[in-house]
Amino acid sequence: KKSLPPHSPLLAGTPSAMVDRSDPVAFTTPESPKGVGIHGMEVYFPRFAVKQSELEKFMGASEGKFTIGLGQQNMAFVNDLEDINSVCMTAVANLLEKYNVAPTDIGRLEVGTETLIDKSKSVKTTLVQLLNEHGNFDIEGVDNINACYGGTAALLNTMAWVESSAWDGRYAVVVCGDIAVYEEGPARPTGGCAAVAMLIGRDAPIVLQTVRSSHFEDAYDFYKPNLSSEYPTVFGQESNVCYLRALDGCYRRFAEKWEAVSRKRLTMDEWNHVVLHSPYNKLVKKSGARMVYNDFIRDHGLPMFKKQEKELQKFLHLMPEETYDDRELEKAFTELARPMYKDKVEPSVLLPQELGNSYTASMYTGLLSLIHNWHKPKAGAQVDTEAASIGKKVLMFSYGSGLAATMYSLKIMGPTGHIAAAANLEERLEERKFLSPQEFTSVLADRETKYGKFDWTPSGDTSNLFPGTYYLKQVDSHGRRSYARVPVSPFRRTINYGPGALHSRPSVAGARNFSTSVGARALQAAAPVAARAARFAVRAL
């Protein structure tokens, strides 16, 4: 019989193998002692989308290959009017405006993306125009880059800032977003586009718990070595194995740390929900099954395995690398995990299935989908939207190729109905404009011709953009980009967020023009902002 090596990601966290309980533990409580977490969320997705069922026919694939085989429904995409700067700018502006948070009340703005349009100038330095025009120049944070993981790096960095002695009392904003496109071929249906902006602070309704684990390796599963193209080099099967191996490692280490604090066995039963990074839904289903398999390896005596105990015994002594392409094992645990997937994972898949893979934003579109699902009216049920989610625990798994992965958990400590109301997902999804696969292909071909080029003006029609969308006006002869905004709808939902929120609403009347320069008006306003920050700092002590 084969035994697991000591370094195996699947090694069971038995009581004797757990962290020594005589050692001091860095985390004495499962929640952040200052309630650091997410106050609000906003997602931006483009108006254009293509149906995966139509893309199947256009690409000559068998019926169901993309809709069942990949588990995807639709895919979002942008034309030449939008780039990563404009996409993230729209998400951040909408977040501040919907939650009535003044730009002067933001002390940190951090970005996660892998969509590069400049090898030096960060996306963050374009986004700060939204704050500079109100006199706010004192904003920490910059871009984080590692495939799909950058958004999580930005979030954890920002959470640490809010919890630290350096925090000056102001809110922070994390924005993660990407435009995922692939060259013609089998990977093209796994593209997508979205950006998620999050409002971070103390005493939040969605609190980051202190236990987390990570798994990092040197891998070439997905990377972008050709700097003249936005298309990646992808080894699909290898990337799937890397994802699952990172999941194994994170879950094992997370369980060991969590058990050292809680003094009880951790299984999937601990979580109300699980949100997984979603390149495509089929991999999410496999990952849910993989976590059940991890529970089996760690403790095959659990009640859920009793009925199939004899059939499952043969999987106990496989080496980890033997299990990743074992179809029999995958089938057995996918079937076993079916109820868990439906109850814990499926409520988070709406946006990932509708928008496609948004890379750094992918997991966070899943979290927002989950919040939407909590507050969505159910047939024949009375839902208290202010209390429906309180007390729930959510396990999060973030993965980025190359590779980087982290597992952490969130606990819902307060109402989240305001987040669902502000996001207004169903209505916004209904307002998308579906283009044909031929038009989608033409848009991507046009992007290819303009990628990395200077001195051009977009040819797209701004009337096809959602209200409030920022768009690219021009790329000049030196590669400098300027932006403008479609007027905001006067009927858009806003909320008066919480007793601790600062309700100074920025102007949203008409279109606003932005470039890389900052006007004298903003410079004159800088002194009052410094005074405001000082007042915040005193309050934070």
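From the backbone N, Cα and C atoms, a Cβ is placed for every residue, glycine too.
Note that this is a predicted model, so its numbers are computed, not measured.
Copied over from TrEMBL, here are the features:
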- 33-205: domain 'Hydroxymethylglutaryl-coenzyme A synthase N-terminal' (DOMAIN)
- GLU114: active site, proton donor/acceptor (ACT_SITE)
- CYS148: active site, acyl-thioester intermediate (ACT_SITE)
- 207-485: domain 'Hydroxymethylglutaryl-coenzyme A synthase C-terminal' (DOMAIN)
- SER239, LYS282, LYS286: CoA binding site (BINDING)
- HIS277: active site, proton donor/acceptor (ACT_SITE)
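Its Cβ taken as reference, GLU114 (active site, proton donor/acceptor) is surrounded by 28 other Cβ atoms within 10 Å in the chains shown. In the three-state DSSP reading, CYS148 (active site, acyl-thioester intermediate) counts as strand.
A gap of 7 Å separates the Cα atoms of CYS148 (active site, acyl-thioester intermediate) and GLU114 (active site, proton donor/acceptor).
Same-chain residues that are not part of SER239, LYS282, LYS286 yet have a Cβ within 8 Å of the Cβ center of the CoA site turn out to be ASN240, TYR243, LEU244, PRO279, TYR280, LEU283, VAL284, SER287. Binding of CoA is attributed in the record to SER239, LYS282, LYS286, and the widest Cα separation among these residues amounts to 14 Å. The distance from the Cα of SER239 (CoA binding site) to the Cα of HIS277 (active site, proton donor/acceptor) comes to 13 Å.
The C-beta environment of LYS282 (CoA binding site), restricted to residues of the same chain at least 6 apart in sequence and closer than 8 Å, consists of GLY69, LEU70, GLY71. Non-local contacts of LYS286 (CoA binding site) by the CB criterion (under 8 A, 6+ apart in sequence, same chain) comprise ASN240, LEU244, GLU330, THR334. Comparing GLU114 (active site, proton donor/acceptor) with HIS277 (active site, proton donor/acceptor), their Cα atoms are 15 Å apart once rounded. Non-local contacts of HIS277 (active site, proton donor/acceptor) by the CB criterion (under 8 A, 6+ apart in sequence, same chain) comprise CYS148, TYR243, SER362, MET363, GLY366, PHE397, SER398, TYR399. Among the listed recorded positions, namely CYS148, SER239, the Cβ with the most fellow Cβ atoms inside 10 Å is that of CYS148.
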